[in-house]
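A.B. asks: Below, the features straight out of TrEMBL:
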BINDING   His47, His125, His129  divalent metal cation binding site
Amino acid sequence: MDKWNGFIQGWLGHRNALIELLGTFEEGQQDFKAWEQGMSVSELTAHITGSMEMFVQTVKKGEFTPPPEYPAIETLEQLKALVQEETSKTKSALEELTQDQLGKTIDFYGMTMPGIVLLENAKDHEIHHKGQLFTYARLAGIEKLPFFVSR
């Protein structure tokens with residue numbers, strides 16, 4: 001399980017960097033979109049947190065589990081609180097996964113892979129979208145940004 005604990009800590013380093021990044025935005029900037037049809041900062045952040053929870057629950061249950069539905073996020077403080085709460089829940093869920101669950105083959109949108117591989121993909125998905133949020137921050141005029149991973 002040491003390798004699995006390393007995975008969790010690696011994911012948490014990226015999630016904590018996301019939390020730090022959200023701290024650079026000002027109230028109102030959570031509605032910023034990089035383009036008209038794009039997701040806002042709030043929508044993209046909720047997508048990141050909801051997707052990771054979806055992947056973890058899918059591995060836990062052994063079958064596709066839809067992402068959680070969140071209430072409307074109207075303020076930056078609500079967004080930050082959501083991410084903090086979801087991070088705690090997801091970390092706990094990751095810590096509770098068993099070797100059997102991690103090794104079980106999962107069918108995910110026509111692809112089959114062991115649970116641990118699905119979760120590696122989930123972490124990559126989160127990193128990808130966090131990178132988009134770094135770009136959003138620059139486009140919104142934020143000059144001082146945190147490092148891409150928190151150690």
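Each residue, glycine too, has its Cβ placed from N, Cα and C.
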A.B. asks: Within 10 Å of the Cβ of His125 (divalent metal cation binding site), how many other Cβ atoms can be counted across all chains shown?
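C.D. replies: So the Cβ neighbour count for His125 (divalent metal cation binding site) comes to 15.
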A.B. asks: Compute the centroid of the Cβ atoms of His47, His125, His129, then list the same-chain residues not in that set whose Cβ lies within 8 Å of it, in sequence order, for the divalent metal cation site.
C.D. replies: Leu44, Ile48, Ser51, Glu126, His128, Lys130, Gln132
A.B. asks: Cβ-Cβ under 8 Å from His129 (divalent metal cation binding site), same chain, 6 or more residues apart: which ones?
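C.D. replies: Correct list: Leu44, His47, Ile48, Ser51.
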